[in-house]
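Colleague: Per TrEMBL, the feature domain 'Major facilitator superfamily (MFS) profile' maps to 19-407. Feature annotation from TrEMBL assigns transmembrane segment to 21-41, 53-73, 85-104, 110-132, 139-161, 173-193, 225-245, 251-273, 285-304, 310-335, 347-367, 373-391.
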Amino acid sequence: MNQGQNDYIKERTPEFWKATISLSFGSFLVFSNLHFTQPLLPLISKEFTVSPAMASLTVSLVTLSLSIFLLIAGPLSDHVGRKNMMTWGLLLSSVFSILMFFVTDFRLLLFLRTMQGLALACLPAIAYAYIAEEFDKKAIGVAIGLYISGNTIGGMGGRILGGFTSDLWGWRSAFLTMGIIGMLCLLFFAFSLPKSRHFAASSLQLKEVYGHLSGHLKNRDLRDAYFLAGIIFFIFMGLFNYLAYHLHGAPYHLSSSVIGLLFLSYFAGTFSSTLSGKLDSVMDIPSRIFTGLLTMAAGILLTLCKPLFLILIGLVIICFGFFFVHAATTNWVSVHAKEAKGSASSLYLFFYYAGGSIGSFLLGFVWEHFGWYTINGICVFLLLVGLKINYNMQTARKKEKHKAFHI
């Protein structure tokens, strides 16, 4: 129901903090659930007697189902409402986590993780629309920044929690822990997030929505960004998945909790994503992407070294470069989407998560047959492909400047 201008959530008011903290809790829940099985993969392989590639499906299937439902959840929320759909998604996700505590069949575990991905998609697909509708224009930037911080902390916290709880009480306890934390986050979210005041329900116009998606795919500038998003997350997820196996084995023999602590390297990404935005006035987007890709390459090369401290430095550098590129590429999409910016962003996230899902799975076969060094070689090759895409973006940028100069 539409209200007056005074009903928008203004910055630094009690309602602003309730809303942003609620969304951040929801964001934490989504991204912790997405990634918490990464340090558990060697334990899951052993428990169910499955290969690393099959164990990695606990990561890749939840990511893939989330990426697909992202394209559906946004348009669906236009019809059924923002808060209700986000709340139901978080509830179902927590229920699925608790159910997985009792699972003894690997196929059932994969099914529940797939269903969990569908539920988790409800928040990232809708949160930005809620913020845009309910917050005062001056408060939107801060609200989005706090929401994204929940993404980073969730991705890092989920992996650390998963590692520690599995070492203390076994790998199943990680699922129960995430379910209980999810229920607590859900209660805060449901009772603290203000109801939508400016949402106006509309009929489902799927033909129009998917017409926009088709239009975005025909736009070469956007298509380059989509492929680049898939490539960088393919690399990022694949490396971190099989790093767990690399460090779990000889000569390191690290426990799941210690492997989980390696994800503290995410803090470098929190800093670099902010830095990427601040450099907007002095560095164009393709130049930032180029810098980030080279940084990722340097980090990957360091993970080839034997000393553990050099591998750790490499991880920090990879995280810094990855989030630097991710922030810049997201910016590129927002600039080059001339219409239907929401669906352009959803399509970006689809390619991003689909790339991560494919990397998580396919690099498992590489790990089994060829080992860690070959995984690194493939990732460096993909970065070269990314640099070629970036060259296309740089060329497009020069054409835009040339055209603007002659107008």
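Using the three backbone atoms N, Cα and C, a Cβ is placed for every residue, glycine included.
The model shown is predicted, which means the values in this text are computed figures rather than measured ones.
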Colleague: Who are the chain neighbours of the transmembrane segment (310-335) in space, where the CB to CB distance is under 8 Å and they lie at least 6 residues beyond its ends?
Modeller: 152, 221-222, 225, 228-229, 232, 235-236, 239, 243, 247, 262, 265-277, 280, 285, 288-289, 291-303, 341, 344-345, 348, 352, 393
Colleague: Ranking 21-41, 53-73, 85-104, 139-161, 173-193 by the number of C-beta pairs under 8 Å to the transmembrane segment (251-273), which range is first?
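Modeller: Top-ranked stretch among 21-41, 53-73, 85-104, 139-161, 173-193: 139-161.
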Colleague: At an 8 Å Cβ cut-off, counting only pairs 6 or more apart in sequence, do the transmembrane segment (110-132) and the transmembrane segment (225-245) clear the bar of 3 or more pairs?
Modeller: no
